[in-house]
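The region 'Disordered' annotation in TrEMBL covers 1-24. What TrEMBL records for 1-15 is compositional bias 'Polar residues'. Summarising the annotation, TrEMBL assigns transmembrane segment to 83-102, 114-136, 163-184, 196-219, 225-247.
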Amino acid sequence: MLPTTSVSSRSQGNGALSPRDAARHTAGAKRYKYLRRLFHFRQMDFEFALWQMLYLFTSPQRVYRNFHYRKQTKDQWARDDPAFLVLLSVWLCVSTVGFGFVLDMGFFETIKLLLWVVFIDCVGVGLLIATLMWFVSNKYLVKQQNRDYDVEWGYAFDVHLNAFYPLLVILHFIQLFFINYVIISDSVIGYFVGNTLWLIAIGYYIYVTFLGYSALPFLKNTAILLYPFALLIVLYLISLACGWNFTKMLCSFYKYRVK
């Protein structure tokens, strides 16, 4: 059912929210509610989060359609349930441990790699990307006639998480089965398979990010977010011509990190 608002919650019947209700809709209040639920697993809808993870691969448009429903029912675009973040963290931990095993790292090296990947690669880089996209979208993509609307920072972070999940599965899970036997070998097929997986993973990230911002009706010119595809394809072709092996470089970087 759609939420209803009683007459008493309006100030003098003019449609404006009372100070108490307005406070509940502030960014700080939404953030506090989100963080509070982070410590109450029984309040999280893990089944729905798993549904979203599945459809981010098969039909990401359906995931963003749900964001529309949340805006209509809860008056916010961003997730209010941290279940997706929790499951993504579990995926990240498991896949990183798998990476440590494949690269023949010791226990403490794997733990150090895990901390780097979770807090720097995922959270740190995610905060920077979300903040940059939040600033750019509000500064340059909001339609002039809709200046009363803005992109929520929490939504920008959700878009990053949505786009990061397929990239994580491709590069940190699927790729594990080919690293030692195919990808890091000094052969053409090795860097072709590895770099192709990178192309698919980063392409997914760009596409899911584009869908996230194009789903907002008050933004314009969101097709510009697809432009990095051209640079990605050029870089991919150059890497094949020059024999660069991105996965081999990543493995060397991970080993350097944990020294």
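Backbone N, Cα and C atoms are what each Cβ position is placed from, and that goes for glycine too.
A TrEMBL annotation is a machine prediction, not a hand-curated record.
Packing against the transmembrane segment (83-102) from elsewhere in the chain are residues 38, 41, 44-46, 48-50, 52-53, 109-110, 113-114, 117-118, 122, 158, 161, 164-165, 168-169, 172-173, 176, 179-180, 254: each is 6 or more residues past its ends and has a CB under 8 Å from a CB in it. If you look at the transmembrane segment (225-247), the same-chain residues 6 or more away from its ends with a CB under 8 A from one of its CBs are 175, 179, 183-184, 188, 190-192, 194-199, 202-203, 206-207, 209-210, 213-214. Within the chain carrying the transmembrane segment (196-219), a Cβ under 8 angstroms from the stretch's Cβ atoms is held by residues 56, 60-61, 64-65, 67-68, 77, 133, 137, 141-143, 146, 149, 151, 155, 158-160, 162-164, 166-167, 170-171, 174-175, 178, 183, 225-226, 228-229, 232-233, 236, 246-247, all 6 or more beyond its ends. Note on the transmembrane segment (163-184): residues 53, 56-57, 88, 91-92, 95-96, 98-99, 102-103, 122, 126, 190-191, 193-194, 197-198, 200-202, 204-206, 208-209, 212, 245, 247-248, 250-251 of its chain, located 6 or more positions outside it, place their CB under 8 angstroms from a CB of the stretch.
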